[in-house]
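Just below is one structure, and these are the notes that go with it.
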């Protein structure tokens with residue numbers, strides 16, 4: 001008798017993706033973040049669905065509907081905070097996942113990598129639109145400032161901004177469309193994630209050494225299912241610690257004040273996971289230049305396969321590149337810190353230096369280091 005999981009059309013897909021999938025025997029915990037992102041996405045779609053049942057996308061009632069969810073709905077507070085803090089967990093997993101891809105040279109899987117970059121953009125757009133929905137001060141002014149950046153585009157900029165706003169300022173039309181897009185985009189992200197996985201399974205997973213592992217593979221289940229379950233438990237534990245003990249730790253106090261178009265907060269800033277890009281944006285005095293730098297700070301990931309000059313795929317045996325990679329991580333942490341500080345001395349110059357360092361490391365120093373390491377191999 002043949003096994004149903006290998007013959008049934010639907011079960012076969014699941015079997016080939018999660019059970020009998022040939023997986024390198026030496027992949028480390030850095031390979032856990034893909035499954036953790038999947039768990040984050042499912043968790044956030046479910047909590048978002050329950051929030052949408054009680055939320056009203058109207059400027060007059062949006063803020064009070066969020067208050068109503070927290071105060072009157074059964075377990076509404078935990079659903080709301082799991083959704084909000086889930087965004088932070090999602091972002092941490094995303095950064096770790098991308099960082100692992102950079103470190104171990106996973107960007108040589110071109111289709112998988114490029115779809116991953118599209119997924120990153122889609123997730124950032126979704127998170128931004130979600131931040132606008134509670135209609136607090138930072139929601140309103142964040143939406144105003146970030147959408148206004150599009151006005152820097154020559155010729156069509158102003159028309160484009162007014163088209164997105166649905167009027168001459170951020171108002172009811174903007175909130176309604178942001179809710180519509182925020183509700184639908186996670187399903188697009190889920191579909192893209194499926195395509196991401198499809199292309200990954202065409203080539204098979206990379207491994208820490210970056211070498212071919214066809215001769216030494218093991219089935220995904222039970223070895224990596226148990227490993228992923230451990231990762232999932234740690235993720236949920238961290239999330240619940242955040243939700244139950246410090247739910248507002250990563251939020252902005254200004255968002256507990258209803259949106260007021262007549263009163264600008266002293267310091268407008270996005271959520272913490274956008275601060276690195278926001279710091280790069282602010283470090284360039286010219287508006288269009290800042291917007292281009294902001295987009296390029298993420299789009300630069302697409303160039304990684306072209307900038308790869310090393311004969312080795314992974315950084316595991318490349319000490320100079322390793323050193324530069326960790327300097328890049330420190331630089332991103334510096335940018336995150338600067339993005340949350342006011343625009344004054346010495347933060348301006350630190351932000352500008354960190355921004356220059358970011359692009360120089362990726363575009364110049366890392367390819368040079370790889371070439372030096374290639375020559376060292378000849379010794």
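Every residue, even glycine, has its Cβ placed from backbone N, Cα and C.
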Segment assigned the feature transmembrane segment in Swiss-Prot (from 55-76, 77-98, 143-164): 77-98
Matching range for Swiss-Prot feature annotation, transmembrane segment, among 226-246, 247-267: 226-246
Per Swiss-Prot, the range holding transmembrane segment, considering 5-25, 320-340: 320-340
Pairwise CA distance, residue 83 (heme b b562 binding site) versus residue 97 (heme b b566 binding site), rounded so that it is a whole Å: 20
Separation of alpha carbons, residue 201 (ubiquinone binding site) and residue 97 (heme b b566 binding site) (Å): 17
Recorded stretch, among 178-198, 226-246, 288-308, 320-340, 347-367, maximising Cβ pairs under 8 Å relative to the transmembrane segment (77-98): 226-246
Number of Cβ atoms other than its own within 10 Å, given for residue 196 (heme b b566 binding site): 21
Among 33-53, 226-246, 288-308, 320-340, 347-367, stretch most in contact with the transmembrane segment (113-133) (C-beta, under 8 angstroms): 288-308
Distant-in-sequence neighbours of the transmembrane segment (178-198), which means Cβ under 8 A and at least six residues beyond its ends: 17, 37-38, 41, 44-45, 48, 52, 55, 57, 112, 115-116, 118-119, 122-123, 125-126, 129-130, 132-133, 143
